[in-house]
Amino acid sequence: MVLRIRRIKKLAPLIFTSLLSLIVLFRVYRQYPFSDHFETRREDDRSGNVHCFSRLRQIEEYEKPELTSKFYEPNRWKSFISYVTRSRKDVKTVSRSLSNLDLYQKCSKEIRADQDISLLHSIETKLFPYINFTALNSEQSHNFWPVHTRFDGTKYRGQVLQFSSENNSFIGTSPIEFKASEPFWENWLNSALQRNSKGVVMSVSEYLVADTIRLIRVLRLLNNSLPIEIVHKSDLHESSQQLLIAAARESGSLNYPPQELWFLDVKDMLNDEYLARFKRFSNKWLAITFCSFQIPIFLDSDTVPFVPLDTLYEIDGFKRTGTLFFKDRSFPTSKLSPLQVKVLKQIINNSLDVSSDSEQGFEILKHNLNDEMAIDAIEALIFKKQKHYMDSGLVIFDKQKHFFCLPIAIMLQFSPIQEFFHGDKEWFWLSLFISKKEFTFYPIEASNVGRLEKPETLESSTICSTQLSHTDVYGNLLWLNGGLSVCKKNCWNYDFTKRKEIAAKYKSVDELRNYYQSPVKLEAVIIPDVSKSPWSQQSECVMYSYCTHYRKGQYGKLIEFTDSQKKYYEKVVELWNKVV
């Protein structure tokens, strides 16, 4: 035994030296520097010693690999070496990409000669590899443009849709006048969108058709007057489009006005090799970026509004910042890892040239943000390590004010740090923050809406549901995420067979299915006090059910709906649950 311990002691230095040698060899092979203090191009650009186009030429000529914003594949299985080197590599990669995008944007505003725009066009193919620039620059460039299809079957390619500023009715089209003397994104913003246009946009593929039909029915009930545009990548069948048109235009009731429905196919704008990378959540970027409206309201298919959407444009926060975001459920136990927080801090520090770790640096950040809700988001990220902050089921975004944040968000969504957050959500506001742009969140916390469970005492209440709700300052429902059935997922077989506590409550799979597919009952809302009684996850609906709790005078806020509110909400619930 003593001899074995001695052998291990002798081998330990050898093992350590071997591992260290492997790390050194790996870094040499990958051309990583040994002294890595995360200097970025942004610092060089700010020095004023080099004109931005000279810097772009230098990067384009000598550092082409650093210029390309390729899409990264998530790597769930990481070797020891990649674990050791990853954080530094991720900071350098993302900081470099952000710096290159910033440099491109600055140069876009300083074009002085033909060679400048030629260089920018060359750089664009590397910074935005998902755009089909080959088609745009070919003799058949007309085929690059997305195809608009109106509900009546009329198709337009290479046209700008025009809507009345008085009643949002369709009044015609005008040709897109793309100028070779302008950068791509500036061209798109100035020539492919009607100035000050507003509308509803959704990203829809086949599996979202049923929920989208339900959403359109609700929009009709709300007397929606905004045009609706459904964005897809040629992955929405003609038969499905006809079902959506019927939902938007059928004359079953004079009280429900027909909708100005459009379809936008953006497939030809995208490089084939990147087409499949835009799936699920990431399709939102295509919808918001390429939709026909300057100021779109983006909706998830399972979002349900309870107020006319055009009234949201009147919210003070949106009018002040050009954005309106809503908060997600707050989970104290769902945290970013210390390494993830460190990486994000370093990227923020590099991008904004300020230390978010120091008290003075954070005070500078707060002063620059100048918005309590935005400051709260940053504090939640940096100090509370909060992984979930934004619910992106409804987003309002003024592209005239903040357009270039969209390509930045796309880069972040597909960067090496894409796994830090769930889907698209946090990249909306982080792209604005890193770009030093204004943004805000609606000031009311996210809530749980549904049926009040029988209280243990008269002073306590609980609501358990799959719906995430958002209320105004008076307690009225603005909108919710998650549809209006008890559980929108077809998971009754799984829950019944895998969850003993669920099987004990229901006699059969059919009984559980009937319950899951039944309409919700909207009786009240509880806004939890997460510091005292946080959201709790339940086993129903494959763990998509959450409970919030209220105890009078101690924690939470209970809002019980009036009879008139309940009657109105029941009407929305009934309409949403009609057979599709």
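Using the three backbone atoms N, Cα and C, a Cβ is placed for every residue, glycine included.
Taken straight from Swiss-Prot:
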- N132: N-linked glycosylation site (CARBOHYD)
- N167: N-linked glycosylation site (CARBOHYD)
- N223: N-linked glycosylation site (CARBOHYD)
- N349: N-linked glycosylation site (CARBOHYD)
- 1-10: topological domain 'Cytoplasmic' (TOPO_DOM)
- 30-580: topological domain 'Lumenal' (TOPO_DOM)
- 11-29: transmembrane segment (TRANSMEM)
Candidate nearest N132 (N-linked glycosylation site) in space, where candidates are the glycosylation sites N167, N223, N349 and distance is Cα-Cα: N349
In three-state DSSP terms, the structure that N349 (N-linked glycosylation site) belongs to: helix
Candidate with sparsest Cβ neighbourhood (10 Å radius) among N132, N223, N349, the listed glycosylation sites: N223
N167 (N-linked glycosylation site) and N223 (N-linked glycosylation site), distance between Cα atoms, whole Å: 12
Listed in sequence order, residues with CB under 8 A of N167 (N-linked glycosylation site) and six or more positions away: S225
For the topological domain 'Cytoplasmic' (1-10), mean pLDDT (0 to 100): 51
